[in-house]
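Report on one structure; see the data block that follows.
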Amino acid sequence: CCGFPVSVFFIIINEFCERFSYYGMRAVLVLYFKYFLHWDDNLATAIYHTFVALCYLTPILGAIIADSWLGKFKTIVSLSIVYTIGQAVLSVGSINDLTDHNRDGSPDNVSLHIALSMIGLILIALGTGGIKPCVSAFGGDQFEPDQEEQRSIFFSLFYMSINTGSFISTVVTPNLRAKECGIHTKQRCYPLAFGVPAVLMAVALVVFIIGSRMYKKVKPQGNVMLQVSKCIGFAIKNRFRHRSKEFPKREHWLDWASEKYDKQLIAQTKMVLKVLFLYIPLPMFWALFDQQGSRWTLQATAMNGDFGISIQPDQMQVVNPILIIIMVPVVDSLIYPLIKKCKFNFTPLKKMTVGMFLAALAFVAAALVQVQIDKTYPVFPAAGQSQIRLINLGVTPATVQFQPQMKSVDVAPKEATGYMTFETSKLQSLHIISESLNKTQPLQLLEGKRYTLAFEHLITTIETSLAFDNVTSKPDEGQNLIRFINNYHVSLNITMGDMAFGVLPPLSVSNYSSIPGGKQSYLIKASGGQFRSCSVVSKKFGFGGAYTISVDDCSMAYNDLNVTYFEDIAPNTVHMAWQIPQYFLLTCGEVVFSVTGLEFSYSQAPSNMKSVLQAGWLLTVAVGNIIVLIVAGASKLSKQWAEYVLFAALLLVVCIIFAIMASFYTYIDPNEIEAKFSEEEKEEDKKDQDDSEKQVEADSRM
């Protein structure tokens, strides 16, 4: 088809579906840990990075199985089945109704959900990691030696399918997660968010199998990684055996393998180890890079996602693939040529150093954004303290004195104070004075709790209502909390949208109910007494706020409900767009680090050892995610911005170390070295042939 083997199109479709499945699942994973399994930020981050590390450790296993045992085709099919089962198990584990027997909206057996989720993730890691080194190589196997141009185009299409699958899934699955679904109670729709990737993985498997008869299947020819490992192991063991001074030293410690392995394999292993030595500092870059899906996504949950349409926190990850599509051609066709014109020798290792520096700057930017977010967080009472705020529901001003003789506060009509903090043991009562009326309200507050005291000046008395505010943090996922207070003289039945707040007696307060964040308005209705059915369209609440809405009156002529809004917790005011600079810096770092790193590795590796360096490169990603576990667990920093600064500082130190290591590196041309060995081998063969001919001649004379 157009000069291409038809089989490669099955492989490209398979890769698109598989990448959609993986990145779609991964996009919502950390929020699933936090909001469904109810893990804290640190545990959710730790398990997320453990999973990613496992995904980048298993490719080594997949490569060994494919090259030494099953072959690429059977390995891809076998592990894709494991992969599909894992996605299905994860989706089933996220079904709330599976164990919600009492139908209260919470799983009754969280351990079962955790067990299913972990089994599913382990199977996914085995599947996605195992097929990672096989699919692209299997696609390359489909071409003839004279189809180099078509092979190059195939790899471009293959890479495009990866980015397209990643982009689309990162947009789609967070929207699926944000929907509400369930049999008995409505919850965030994680089963759908994980179920669609599971279906796509099943499609990927079916598509790949359909093309079975068209594939060119190369038989396993042994894994070069095992040969290299055996060569290194023998050299170390042999050197240890001959450690006494009576044995002469050799030029390189790998030369101790010469008794068993040929010179060319030893020379190639030296080249590989030289590059792998430079890989030692690289995991620190990936430690920062992969936090896009964990810490940065959690950061976005405390931000304003209003872009004209509501953007989910986990959708911000889509900025990375968008910027990659833009930045790769810009850097290749504009930035690098400009640097070259300036006659600056911008070597691959210098590019990688710049990439590390840009990633460190990205985390400095993330820290600055986090500082601004922290300023919007409410301050809750500490041990031994209580907080109280006042709402004046009347039309006359009032003065409230906290007893015994602590402070005095003026409260204007239809206004509320902020939360005031007191030592619980000292605050006994408060005295309200409004015009000619006054009232003393005794208080018995609990430590560490928040309260709202609403009061109203009536004709002959001051009515009060003390409500316990059972909110201990900002609402999750940018949602809003809404409650009502009945500021009318008869009981009212209040609804908002499809939520019923029940019948509220005069001056009583409902419980908080959660509504999605965004620019959506709701119809508030109240009925009872003279209120036949009065209504009003609510204001737009934004993201992450908590509000008390006072139902004051109804205009009988038009049945318009009069309400007053009181802000209990301020909404998220830092916009998600402020994350774009940190994504931009990190993506620029990725372009000059990752792309250049792979190019450098391949240019410095022998032709038959590219897979060894690919395994080493993937291993740096796995180690990077393990570093996140170690640093996040050991730092014990209470502020998230401080952790960002810590990671930035660590990468900056590693960047300096890498720059020093790179300055001592001498670039080589493996092709020249291999050609030299080929010539020597030919000369030896010729010499052996000449010797053989001479021997035959000598034998014939005898």
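Backbone N, Cα and C atoms are what each Cβ position is placed from, and that goes for glycine too.
Feature annotation from TrEMBL assigns region 'Disordered' to 678-702.
Taken from TrEMBL, the feature transmembrane segment applies to 43-64 (among others).
For 76-95 (among others), the entry in TrEMBL reads transmembrane segment.
According to TrEMBL, the transmembrane segment annotation covers 110-131 (among others).
Below 8 angstroms of C-beta separation, residues 4, 8, 11-13, 15-21, 23-24, 27, 136, 139-140, 143, 196-197, 200, 314-315, 317-318, 321-322, 324-325 of the same chain, each at least six residues beyond the ends of the transmembrane segment (152-172), sit close to that stretch. If you look up TrEMBL, you'll see 152-172 (among others) marked as transmembrane segment.
TrEMBL lists 192-211 (among others) with the feature transmembrane segment.
What TrEMBL records for 271-289 (among others) is transmembrane segment.
Taken from TrEMBL, the feature transmembrane segment covers 318-339 (among others).
Within the chain, the transmembrane segment (351-371) has long-range Cβ neighbours (under 8 A, six or more residues past its boundaries) at 284-285, 288-289, 295-296, 299, 574, 578-579, 581-583, 585-586, 588-594, 596-597, 600, 639-642, 644-645, 647-649, 651-652, 654-655, 658-659, 662. According to TrEMBL, the feature transmembrane segment maps to 351-371 (among others).
Positions annotated as transmembrane segment by TrEMBL: 612-632 (among others). Same-chain neighbours of the transmembrane segment (612-632): 42, 45-46, 49-50, 52-57, 59-60, 63, 132-133, 224-225, 228, 272, 275-276, 279, 282-291, 294, 597-598, 601-602, 605, 643, 646-647, 650, counting only residues six or more beyond its ends whose CB sits under 8 Å from a CB of the stretch.
The transmembrane segment feature in TrEMBL is assigned to 644-668 (among others).
Counting only same-chain residues 6+ beyond the ends of the transmembrane segment (76-95), those with a CB under 8 A from a CB of the stretch are 18, 21, 25, 32, 36, 62, 66, 70, 112-117, 119-128, 130-131, 134-135, 138, 190-191, 193-195, 197-198, 201-202, 204-205, 208-209. Listed by sequence, the residues of this chain that lie at least six past the ends of the transmembrane segment (192-211) yet keep a Cβ under 8 A from its Cβ atoms are 6-7, 9-11, 13-18, 20-22, 24-25, 28, 32, 76-77, 80-81, 83-84, 87-88, 90-91, 94, 169, 172-174, 176-177, 179, 181. Among residues of the same chain six or more beyond the transmembrane segment (271-289), those with a C-beta under 8 A of the stretch's C-beta atoms are 228, 232, 254, 349, 355-356, 359-360, 362-363, 586, 589-590, 593, 597, 600-601, 604-606, 609, 612-613, 616-617, 619-621, 623-628, 631, 647-648, 650-651, 654-655, 657-658, 661-662, 665, 668, 670, 673.
Below 8 angstroms of C-beta separation, residues 18, 22, 25, 32, 36-38, 51, 54-59, 61-62, 65, 75-76, 79-80, 82-94, 98-99 of the same chain, each at least six residues beyond the ends of the transmembrane segment (110-131), sit close to that stretch.
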